[in-house]
Each structure stands twice: as structure tokens, then as C-alpha cells.
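A.B. asks: Supplied in C-alpha cells, the structure appears directly below.
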Amino acid sequence: MVASLLPSRFRGRESMNQQHPLRSGNRALTSTLQFLSKTACLHPIHTVCTIAILASTTYVGLLKDSFFHGPANVDKAEWGSLVEGSRSLITGPQNGWKWQSFDGDADVLGDFNHQALMTLVFPGSYGVASQAASPFLAPLPVNLSVIDLPSTSSPLTAYSKDKVFAFSVEYSSAPELVAAVQEIPNNSADLKLQETQLIEMERQMWIMKAARAHTKRSLAQWVHDTWTESLDLIKSAQTLDVVVMVLGYISMHLTFVSLFLSMKKLGSKVWLATSVLLSSTFAFLLGLDVAIRLGVPMSMRLLSEGLPFLVVIVGFEKSITLTRAVLSYAVQHRKPQKIQSDQGSVTAIAESTINYAVRSAIREKGYNIVCHYVVEILLLVIGAVLGIQGGLQHFCVLAALILFFDCLLLFTFYTAILSIKLEVNRLKRHINMRYALEDEGLSQRTAESVATSNDAQDSARTYLFGNDMKGSSVPKFKFWMVVGFLIVNLVNIGSTLFQASSSGSLSSISSWTESLSGSAIKPPLEPFKVAGSGLDELLFQARGRGQSTMVTVLAPIKYELEYPSIHRGTSQLHEYGVGGKMVGSLLTSLEDPVLSKWVFVALALSVALNSYLFKAARLGIKDPNLPSHPVDPVELDQAESFNAAQNQTPQIQSSLQAPQTRVFTPTTTDSDSDASLVLIKASLKVTKRAEGKTATSELPVSRTQIELDNLLKQNTISELNDEDVVALSLRGKVPGYALEKSLKDCTRAVKVRRSIISRTPATAELTSMLEHSKLPYENYAWERVLGACCENVIGYMPVPVGVAGPIVIDGKSYFIPMATTEGVLVASASRGSKAINLGGGAVTVLTGDGMTRGPCVKFDVLERAGAAKIWLDSDVGQTVMKEAFNSTSRFARLQSMRTTIAGTHLYIRFKTTTGDAMGMNMISKGVEHALNVMATEAGFSDMNIITLSGNYCTDKKPSALNWIDGRGKGIVAEAIIPANVVRDVLKSDVDSMVQLNISKNLIGSAMAGSVGGFNAQAANLAAAIFIATGQDPAQVVESANCITLMNNLRGSLQISVSMPSIEVGTLGGGTILEPQGAMLDMLGVRGSHPTTPGENARQLARIIGSAVLAGELSLCAALAAGHLVKAHMAHNRSAPASSAPSRSVSPSGGTRTVPVPNNALRPSAAATDRARR
């Protein structure tokens, strides 16, 4: 319990996955915090605005109360007020003629010569005027004896340039002197110039600041006074105190820097750190307002000295802890989460990401955070109760109030900010994914659909900024939120500054500081800093006379060059001109009770309207890209019909085929219905829409061709029944590729297309069985396939998906999904994974990351091709092409270019990074633009672009260039298998496997002239994972480039695979489909990486390399032990000899001679016919 109260930096960071059961003592507190945070998160914008307005009103109230109702100036031009805070010193033969502090009654020292040492300070900002000021210019009483003393300088005297006069006078006569020097004539050289001014009715004089009437000065005057008082405070303070304060302010600013750096590590450069500072500022304002209302005396000096140390001691650790927990749980919630229902079944969590993250973070960290606040507040309360002197008692009360409000705002205001941050992160991920998919060539509608489905789970599907937001919405929201807050505060301050007081004068900021210091303790006086030289002079005189002396050193008395009318507090409204009068009159008119009520009603209506607009924004806007009308008839006329081999329309009834014998399959197909029912109601088929509504009625095909043409002209294709659509398509009236758009139902379009292909006369002999075949087509998200993955869809091909593993890769366990129809492959990979795990797991290294595209350009002569190559290889060419290429996408970045010449043909190999997308379409767009810039701006207008892909990439083909230079991700994976694991799990030995690898993978592949094929079955594993995770299967050609190496390392088997060209992506292409996306979710690499673009794709490449490592290990062990054929026979065949044809085993450990039929080598009938012609 005691350890939990310590800050986390003293206890070490705990795991996010470590769940602590809630004790009965903190369950109620946690529930309360979760309720407050949930309320704030449900309406974050309203919460932020409400608290911001409340805090703004609080400090404006502080200013107004101080301006208009604050007490009068504490300092008075009276002896009783000036002598407060003075210090008395005594010297004489009894103490060796040394100054000694004396705090007793002066009457006790009857034989002492009691002197009052006074210091008059005239500001140096008035130039020559201060030189003419002298206290002896004032009319002094005749019996008053004044001794002139040397002034005392300080290190800041050169900067302030103040004129200081020091003198001593009998203590009993000091009040008369104070009354005489309240006003001192100004005999400067500028006096004649002042007398010539006609407007001037009185002469300026040096007036004691404390003698002025309580008038409200301007902002410039307040700044000047504050600066002067700060310099005086520094001059009178001890050097050690100044050093401590400087260190305190430096530490405070370092704490601010640490806050920004910590938030930057969490993914926020400015936003969250600024919000934390804003929350703390609001807490300070609320605490200060409550403290003043409770009667706690405050002063600007006390605040300026105490706040830096409060910031350093308390810090922002609690806000950082809560932020880290919320963001971490938000990332966890993006993965599929499961909960156990009351009935024991597993159901998906419907809670939104924001609510889940905040609730879980508060459940884990909320109690500890509140405990830290409570401990800190208790310590401050104890300090206040103990009565610490020197103003610290008052500051302890203020600090306790600040921490209380800081705790309250942390779970309301700041959690609302965090909810907005999470929504901004979701919006950024959504927009970045959508842009990346659009760069990959997907339509905007498909990209939006995929990006929406990849958002975090949200049952309500309501967002703070609406459903249709652009990438510029996030910075616009931040900008206008900050601007709005600043405008509100500036208006509040401006209204306060220009609001007229009861006497008609303008407000003064100095009144606030004076009211805060109304009952504060004055700072202790340092006599030797104030009048060190004067004390030395008095000591010298007392020693010479041999008389004991007592000196009372007063605080410096400051003067200002003012008009004598300052005593009357005259209005200075004319200094502000007509504008100030107009603003003051306007603000005064608002004090009218009727007008103020109307203003309140208008404000209420504004709040209600804004609430309505916020609600409307949350509902979002419908996607305007959804099709609202059928395909243009002009496009229909130009489209190619399905029945291109026959012009006349076949009879629909004659196209029906006899139903096949029904066989049940795991997936619903048309053959699942009764055979006789299919035959009887083939023309009465009822098609169901995706929305569950009936699309067609059970009407026989009785319309004539003329009626169908008339209906077609009316653009009512979607209202026709299936048989009518088939008839129109067979006549070429409805193009097959446009069925989805025409019917507005993807599943129905796939079904109709199957019927059309089955009834096409040109291929009816082969395709007649397709309409009622076992190829499934229902219950599939065809909307994602449309315009993205496949065209002319007739169904989907289910492939078994197994999982190999688990396998430990770089210290983390994975199950590897593999889509394959080859038996033993998954089991073999699992056996290899087990052996790797027993050896400590696989270790991977990323050696390269860059997708390539190699266009071909041609010039008329070789010299121009050579010049282009030299320019492209130069720094200038590289820079120009990089700028042109990078301007086409926010994700693709050109790394390098490699060029080669063949005659007048120039081949350029662009190598780029593409984030988490595989990026071929993205690169093609960038290459095209870069080549256009090269032709138009680089002086190669005679360049002829032959093709964007000149096979110099090289894509989907074996290539030594890919093997040497790499393409996509380059991965090296290694594992060390102990000898006993090789013996017990792999049933082999280390030396046998090393020798097998040399003979098979190295020498055997070299003898075959292989390029990148120095492995046993890398393509097997790569293809299975490619298909399961939505990769391009054709790119297995180069992705399976691999060399397997084995070595006997101190008795253990060291195995590694090097794969320089794994071409994968976790965004776009087949990864947008839900089944493939689910497999990526199982690996934790779906979509784009939240913080490091491209990291998900690189991690997928590491997983593939490690899976290949497991497969290589297991297969080589089986080959070394001679178990391969036996394993395949056991897993793939029910009996050793089967009449059913079996697929070939690849690779095989043994060889069997199969007799070849005599007619197998004969040419086909078509080949014989071509030979005759």
C-alpha cells in the first residue's frame, strides 16, 4: 500500500497487461472517476468549451473584482506606513564598533544617538530630469538637520540608471521630513519647454509614489511599475536567493520541456502537452479565485517565488501516466476483442474505442493518481496548519487548492481532450488509409469503404467530426479551437480593461496586484544592500564622536515625475482618444437590465444552435459517390456483349440445363435446393436484395423483346427479374461488367452473371454447369471486390487455411496462417517451429526496403541516351527526379535510381519506399510524372517513353537483378537448434543436415543454373502465406528467392535463410477483403502502422522469412532421415495404392518411374489441323 503511493518513477513501469483486482476501498472511487470521465468523453467539445469559459470567467472575475472593488493602496505616504518593514542597527564600544541588529524597544537605549536612514530613488528613465531632482530643493523645516550620505550601488545599478539619494536625520524629526519631501520641484533643463506649451496648465513634480491617489493606470504603466519593482526586489535580495530563484525557473522550464518530449514519444508533438499546461493553468486560476474568496492573503511576489518550485516538485507525471495508459488501451482495442457473456458464449465487444480506453486506463491508473494527489494535498495542509512563516503558510493553502482542481480537471477537462485526440488519431488513420488505397488505384468509394471498416470498433458509429471529413479537417479543428479560445480571452480582457469605473477612469492591471498584496507580508529588508555606504559613513562618524548610535534603515522611497493633480485622481480618459470613449460607452450600455437580458437570451439561443450543429456534424453526411442512376446508355451501346459469337438471341427456355446431383458442401450454392424444385421454378427464381427486400416477383418470362427494350430505355434494369436481365445481356443490351452498377445489388449481379455465362451459346458445351455449380457466391462482401480486386465475378474460391506454429520471432510468438491444398505443409512448418522455439526462437534482420519499377525510354541516337544516363546518375538529376516523384504521393519516397543502356534504349530502375502498401500502382504514378518532368524540364524533350514497365523492375519474373539488388523487403532469419532437439524432434543429426544442405540446396541448385533458388521449398511457405494474407500470388516468383545455409556451431545446428526480395503489403490489394484482413489481424499487422509507416509490412516480411526458415528446417530434416515419402503417404492418401489421380509431391525425397502412355506425346487435333494448313 505504501509503495503504491510513491510516484511511478520510483517503482518502475508496470506492464499494461497486468491487471490488478479492485479492492473494496477503491472500487467506489474508481467508479466515480469513470463516471466523470465518461460524461466528459460523451460530450468532449462541450466539456472543453464549458471549462474554458468557466476558467476565463474566473480570471476575468479576479481582474474585475480587483479593479473595481479592490482595497486602496497599501503603501501610504505616512511615517507609520513607511517605517513598516524597516531594520534597526546599533553600534558602540560595547560591541566593538560593529553594526548589530536590534529588534527591541528604542526607549531602552536612552543614551544612543537614534538616526533614521532614508533612501530616495528617482527613476532613470526620465533622462536628465532625474539629475535635477534633489530632496534639498523641497522647502524643509528650519530646525531639521539632514546629513547627506553616499548612495549604495548594486550590480543592476548600471542597467536601471536610477538616481539615488541617501541621508540621515534624527529619528524624532523624520516624520516632518517625510511630510516635506512628498513633492519635490523639478528644475530640469526641459522646464522652459514645458512652460511654452499652451495646453499645459501645471508643472510636473517629483511625487512620492505612495502619496498618489488610488487611481487606475494603463497597461503600459503597469508593465513599467512591475519591471521597476522586480529590479528593486532583485537589488535588495541576497545573491543566494537570486541564484535559487534562477535555478527554480530553469527547472520549471526544463519540466515543461520534459513534458513536451514525453508527449512527443506518445505521438503528440504539441497538442497534448499544451492541453496539460492549459489544464494546470485553469486549475491555478480556480484555486487562486477560491483562495482569495476564502480570505487567504496573496502577493505577486509569493506567487512568483512559489509556483516554480510547485511545478518542479509536483510535475506532470500524472497527466503523462494517464495519457500513456489511454493511448495504449486505444491501440489494444483496435485489435479484435472478446468478452464472455452470462451464458458462457463469447461475443464481440460493442464498446467504442474512446470509452474503452478511458475506462480501462482509469481502472488501472485512476486510484493511484488520486492517491498521489491526496498525499500531496495532505502534506500541504499539514504545512498550512503548522503555521510556516514567511508567507509559506498562505502558499500551502493555495497549492492544496490548485492540486484539488488539477485532479478534478484531469478526469474531466483533460480526458475530454484525450477523447478528441483519439478521434483525431482515428480520423488520421482513416484518411491516410483512404489516400493510400486511392494511390494504389482503388476507387474513392471502395477506398472509403475499406478505410471505414478498418476503423476501431464503434457500435454507435458516431464521430466528433462527422463521417465525411477531409485530411485538412484535423489541423483546421485545432487551429480554430485555439483561435476561438484566444479570441474569447482577448475579448474578456479587453472588456475588462476598457470598462469604466465608478469615477469614469479606465481599469488598471496594477490594482489587481495591489489587491493581492493587500494583506501580504512585506519582504524582509537587507540594510547593507539598501544603504551599505551610508552605514559605513555613519559608523565612521559615530566612532569619531565616540557615541553609541542606533540607525533605523527604511525601505527605499520611490518617486515618479507626475502632475500634482494626481492627488485628486483625475480621469485620464483623454489619453485613450475617441476609441476608448466609444468602447467604454458601449460596455456601459450593456449594464442596462433590459439589454443584458436580451444578450443572455441571444447567448442561450447561440448555445442551443451550436449544440444542434454539433449533433448534425456527428451524424455525418452521406457518401455523395454512391451511384444514383444506371450506367449511361451510350456506354451500354459501346460495350462488348457476352454473346459475341452469335447475333441472334437464343431461346431462354432452351438454355436451361438439367440439374446435377445435389452434393452438400460447407458453403451455400445453388445446388443446395431441391433438384426438382430447381427444374420446375427455374424461370420463377426470386432474387433477394442485400437489404432483405424482394427484388423481383415470381413472374414467368413473358415479356417480348420490344417490351424489354422499352423497359431498358426507362432505366429500370434493377426492377426487372433475373430472366429478363439475362435475356437483355445475351442480346448485348446490358454489359456483363456493369451488372453490379445496373442491378445495384452485387450478390444478384454475380448470380445473374453465372446464368449468362452458362447460357452463352459459344461456350454452352463447357459452361452450362456453372449456373448450378458448387462454386459459392453468396454471403460475401462483393462491394469490396468491385473496382478493386476482380472483374466479371462469378463466385469465390474457398481455400483451406491452416495455422503453423506457434513460432517465436524476435521474442514474440505467432501462429502463421497458411492457405494451401498441399497436405503435410502446415504440419511440417509446425514441426520446424517447435524445433526453433526449443532453440530460443528465430531472429530476423531487415536488410532492405524498397519496391522498384523499371521504365524503358528510347532516344534517336546513342549520344542522347548516354547524356540522359549521365544526368540521371548525377546529383542534380537525382534531386530533380526525387522531387518530381515524391510530389505525387504522401507515402511513396524515391530512394535511388539505377540506369543501364542497351543501344539507344535507356532503362531506369526506380527504387522507392511505399509505407505499408506493396505500392506498385503508387510507384507507377510517380514514375510517370518523374519521366514527364525529365522530358519537359530537364532538356530531354526528344525522349520517347516506350513503357512504364520495361522488365527492368523485375516484376513477377525470375531475375538476377532482384536476387542481387533486392526488391521489396530484404530479410535474413536465423535460428540455432541444439543437437538434442535435432535428434529428438527432427529425427536427424546436425552433420547429416549440414551435408544435405550443401549437396541439395547449394551444389544441386548451382548445377541446375538456378537464380535465387538455393533452398528446399521457400515458395511453398511464401505462396501459402501470400494467399492467406491477401498478397499478390504472382509475386511469389521473386519473393521466394532464398538461400538456405546450415552450419555446425559448437555442436548445434545454425540455420539461416536470406530472402532479398519479399514483396508484401498490409494495405490495399487483397488485404482489403475481410477474410484476408482477419489473417493480418491474427498477425497484428493489418492496415497501416499507427506510428511508423511501413513497419507492419516489414513485420509481415519478417514473419514470412521465419516461416520459410521453419519449413526449410523441417523438410531438410525429413529428407536427411528419409521420412518424406512416408509422411506424404500417411497424410495425403488413405491407402498406398489408389485409383484416384493424386497431385504431385513437391519436392520429393525419392524418385519413382512412371510409365508414359504412348499417346501422351502425340500432338492435339488442333495442332495437327494447324500443321496441315
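Glycine is treated like the rest: Cβ placed from N, Cα and C.
From Swiss-Prot, here are the annotated features:
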ACT_SITE  Glu822  active site, charge relay system
ACT_SITE  Lys956  active site, charge relay system
ACT_SITE  Asp1032  active site, charge relay system
ACT_SITE  His1128  active site, proton donor
COMPBIAS  647-666  compositional bias 'Polar residues'
CARBOHYD  Asn143  N-linked glycosylation site
CARBOHYD  Asn186  N-linked glycosylation site
CARBOHYD  Asn886  N-linked glycosylation site
CARBOHYD  Asn997  N-linked glycosylation site
CARBOHYD  Asn1132  N-linked glycosylation site
REGION    674-1133  region 'Catalytic'
TRANSMEM  242-262  transmembrane segment
TRANSMEM  272-292  transmembrane segment
TRANSMEM  302-322  transmembrane segment
TRANSMEM  368-388  transmembrane segment
TRANSMEM  397-417  transmembrane segment
TRANSMEM  479-499  transmembrane segment
TRANSMEM  594-614  transmembrane segment
A.B. asks: For the transmembrane segment (397-417) and the transmembrane segment (272-292), does the number of C-beta pairs under 8 Å, pairs 6 or more apart in sequence, reach 3 or more?
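C.D. replies: They are in contact.
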A.B. asks: Quick one: what's DSSP say for Asn186 (N-linked glycosylation site), helix, strand or coil?
C.D. replies: coil
A.B. asks: Considering only the recorded positions Asn886, Lys956, Asn997, Asp1032, which residue has the minimal Cα-Cα separation from Glu822 (active site, charge relay system)?
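C.D. replies: Answer for the nearest of the recorded positions: Asp1032.
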A.B. asks: Measure from the Cβ of Asn997 (N-linked glycosylation site) and count the other Cβ atoms within 10 Å, all protein chains considered.
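C.D. replies: Its Cβ shell of radius 10 Å holds 24 other Cβ atoms.
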A.B. asks: In angstrom units, rounded to an integer, how far apart are the Cα atoms of Asn186 (N-linked glycosylation site) and Asp1032 (active site, charge relay system)?
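C.D. replies: Just about 93 Å between their Cα atoms.
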A.B. asks: If you measure from the Cα of Lys956 (active site, charge relay system), which of the recorded positions Asn886, Asn997, Asp1032 is the nearest?
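C.D. replies: Its closest listed neighbour, by Cα, is Asp1032.
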A.B. asks: Across the region 'Catalytic' (674-1133), what is the average pLDDT of the model, as a whole number?
C.D. replies: 87
A.B. asks: Any idea what the Cα distance is from Asn997 (N-linked glycosylation site) over to Asp1032 (active site, charge relay system), rounded to a whole Å?
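C.D. replies: Cα to Cα, Asn997 (N-linked glycosylation site) and Asp1032 (active site, charge relay system) are separated by 29 Å.
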A.B. asks: Return the residues near Asp1032 (active site, charge relay system), defined as same-chain residues 6+ apart in sequence whose C-beta is under 8 angstroms from its C-beta, sorted by sequence, else 'none'.
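C.D. replies: Non-local contacts for Asp1032 (active site, charge relay system): Met918, Lys956, Phe1026, Glu1063, Gly1069, Gly1070.
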A.B. asks: When you tally the Cβ atoms that lie within 10 Å of each candidate's Cβ, which of the glycosylation sites (Asn186, Asn886) has the highest tally?
C.D. replies: Asn186
A.B. asks: Of all the active-site residues given, Glu822, Lys956, which has the fewest Cβ neighbours within 10 Å once its own Cβ is left out?
C.D. replies: Lys956
